[in-house]
Ligand code: GLN
């Protein structure tokens with residue numbers, strides 16, 4: 001399969017859709033991004049890397065970071081994590097509070113903000129220096145040490161984090177957060193601010209396509225079973241209240257972020273990352289989803 005030709009064609013088909021979505025503006029540092037950027041990268045398990053458009057431009061990975069912290073925690077805690085966070089799609093927006101009171105401060109899944117905060121709280125319990133540990137994990141799965149926090153984005157989000165603060169305090173009132181909420185929000189805003197390219201992101205999800213083993217250094221990160229479970233969660237919860245629609249249109253486990261990135265995998269084969277900062281009404285990249293739908297349709301391969 002000539003993946004370069006496939007993505008070049010899709011790039012040209014989807015490019016006219018600039019202007020259909022809106023850049024996230026609730027984090028001021030993200031509101032200033034040039035919306036007319038668009039890149040696609042594919043990394044395959046047999047070592048090919050192809051890209052098109054702005055695939056080597058760094059952007060804020062935002063909620064895609066939730067997959068990395070979840071992998072770090074599942075690796076150490078295994079099934080014990082599921083006492084603190086559920087595994088069901090929420091059907092609510094990423095920053096929703098509504099289910100928490102009814103469900104005793106246990107978030108529905110690890111990819112809505114409430115669930116991701118519980119996971120980051122566990123990272124803080126597991127690692128003495130959590131920010132260093134997260135960065136080190138991301139660099140290792142990406143096979144690239146040139147990955148950093150974007151301190152301006154982290155600071156900007158921290159200053160506008162009332163909603164996430166509320167989620168943290170509310171869960172703490174149920175005893176489901178161990179650390180100080182301000183420190184938790186600081187680590188969380190940093191993990192969301194990590195700046196990566198489409199190429200980095202495609203490479204960094206290969207360990208999931210490879211059933212839990214990092215193909216860059218052969219390190220086993222997750223067992224086959226845990227890797228399957230993490231991918232299942234991406235399929236059912238990775239796009240919040242658009243997860244069903246994403247599975248229906250695209251047919252790959254994936255994860256989005258409000259920076260406009262989307263990453264998805266075909267287990268045993270490849271990982272693909274798309275970036276376009278304009279978001280749809282669910283906070284997912286408009287052109288990212290459009291691109292991935294065309295990708296699985298054109299190559300005739302999905303997880304189904
Ligand atoms: N940092 C963002 C937030 O907490 C991440 C949300 C997202 O990417 N969906 O609001």
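Here the Cβ of each residue, glycine as well, is placed from N, Cα and C on the backbone.
TrEMBL has this to say about the protein:
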{"type": "BINDING", "residues": "63, 113, 157, 164, 188, 240, 258", "note": "substrate binding site"}
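Ranked by how many other Cβ atoms sit within 10 Å of their Cβ, the binding-site residues 188, 240 place 240 at the bottom. Residues from the binding-site residues list (63, 113, 164, 188, 240, 258) with a C-beta closer than 6 Å to any atom of ligand 1: 63, 113, 164, 258. Taking a C-beta cut-off of under 8 Å and a sequence gap of six or more, residue 63 (substrate binding site) has these contacts in its own chain: 94, 111, 113, 116, 192, 255, 256, 257, 258.
Cβ crowding, taken as the number of other Cβ atoms within 10 Å, peaks at 258 among the binding-site residues 113, 258. If you compare every pair of Cα atoms in 63, 113, 157, 164, 188, 240, 258, the residues listed for substrate, the longest distance is 20 angstrom. The Cβ of residue 164 (substrate binding site) has 95, 113, 117, 185, 188, 189 as same-chain neighbours under 8 Å, each 6 or more residues away in sequence. Counting only same-chain residues at least 6 apart in sequence, those with a Cβ under 8 Å from the Cβ of residue 157 (substrate binding site) are 27, 29, 189, 192, 193.
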